[in-house]
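Only one structure is covered here, and it is reproduced in the block below.
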Amino acid sequence: MALALRRLSSSVKKPISLLSSNGGSLRFMSSLSTAAMAESEKSRSSWIKQLNASLDEIDPEVADIIELEKARQWKGFELIPSENFTSLSVMQAVGSVMTNKYSEGYPGARYYGGNEYIDMAETLCQKRALEAFQLDPSKWGVNVQSLSGSPANFQVYTALLKPHERIMALDLPHGGHLSHGYQTDTKKISAVSIFFETMPYRLDENTGYIDYDQLEKSAVLFRPKLIVAGASAYARLYDYARIRKVCNKQKAVMLADMAHISGLVAAGVIPSPFEYADVVTTTTHKSLRGPRGAMIFFRKGLKEINKQGKEVMYDYEDRINQAVFPGLQGGPHNHTITGLAVALKQARTPEYKAYQDQVLRNCSKFAETLLAKGYDLVSGGTDNHLVLVNLKNKGIDGSRVEKVLELVHIAANKNTVPGDVSAMVPGGIRMGTPALTSRGFIEEDFAKVAEYFDLAVKIALKIKAESQGTKLKDFVATMQSNEKLQSEMSKLREMVEEYAKQFPTIGFEKETMRYKE
């Protein structure tokens, strides 16, 4: 490099004159410079104008898609238990200037300058997270940078386990989640099962409850380093104390994944996992009703006094923080963290407690009405925000019913139930009460929702009976071509929409909507 620089310098004999001493040339350059400056100023004003223009003006196509989604949310039944309607104040924070800042690192230790207010927002979010779940900050810490629930779980695994160490979690067809390490006999579906060895525990298929006795026996043989207590389609409460005992025997970490139920836990209407777990993860957009993000809570401080009488401290904090950044993420989403801080403040209010109480009452009434109509619920009922309907006794599956539900403006999702062999054509439908409760639905409304669901299932059975083949595509073809059945679906859709339109919108006003019919 030095030789190259010497050659370059020796080749330059004298300075190059950019301007002639000729006066005419100077006047020409001066006028050119003035013209260029004027053009630059004009260009600058154009992009600033563009940056400050509204969405309707800049991109009417995207604006129209958003308006269509508003109409869908207003006119339909949102029954997917992992969904909710977040508040206007949260959306204002998420759509704020906090999205503009890069802030790799943690408060007080960033790799970028200009983060004094980002630090304030993240620190406030952490403080409110601990307060929302009534945690002692000397015994618990929290990372609020994780982007979503699945990454949060993977970050915990990579922080606390070595590659190919062992994880036990609830089996996906029995109500578990992909991020807990799902695999089939022939394929590792989740990346977790690629990098770690995973083994499921399951429900007792006779009762629909987790088989804790078998879990304990399996743990003795498998010797897991971490056991997950958490689910995505389990309608009953976890026995955290029982899993804690199993973890103690195996010297395993207990990870509670409360993604679905964290809002209920924050409100104190169901038992908290924090008394028993070492680490707790949650998404923030389900029952918690915040923006789309995640949190990782971890124990810190004194763990135990060992046999030598020495204090042993928890070491989760540094390991988890390093797994999040720089291990698996770069810059955090500061707009999401700011919106989460707002949601966590709401979680400490009397209104929030009343809302979560109503979520449980609504789900209980929903389950009661479905049972009265002859539906089979996995575990026979519910203790939380969701019901899992096993449709096998009705002679139909979740995929076919889901297709009809969508056409009549009821959003629910097909779901595996114990005994299923296909995740694409499962035997169940999963439904929950958080979203519609946010819109003001109470018990009598969910009794009505159950009636509309029952009508949709009956239509699905008629379509199945008229289908020429046994495949899902044959069902869809009949659904799209049979005019009589289409008329029935149209009538049911009108009934659903008229009922749903009575209730308030969340996050936007009806008067501002483009599509009101």
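Just so it is clear, glycine is given a Cβ too, placed from its N, Cα and C backbone atoms.
When Swiss-Prot records Ser82, Glu104, Tyr112, Lys286, Arg430 as binding L-serine, the matching candidate from His260, His333 it lists for that site is His260. Listed in sequence order, the binding-site residues near Ser232 (pemetrexed binding site) (C-alpha within 10 Å of its C-alpha) are His260, out of Tyr112, Asp185, Thr186, His260, Lys286. Of all the binding-site residues given, namely Ser82, Ser150, Thr184, the one with the smallest number of surrounding CB atoms inside 10 A is Thr184. Nearest in space to Asp185 (methotrexate binding site), taking C-alpha to C-alpha distance over the binding-site residues Tyr112, Ser150, Lys286, Gly331, Arg430, is Ser150. DSSP assigns Ser150 (pemetrexed binding site) to a helix. For the pemetrexed site, whose binding residues are given in the record as Ser82, Tyr102, Glu104, Tyr112, Ser148, Gly149, Ser150, His177, Ser232, His260, Gly331, Arg430, the maximum C-alpha distance rounds to 44 Å. Annotation note: Lys414 (methotrexate binding site) sits in a strand segment as assigned by DSSP.
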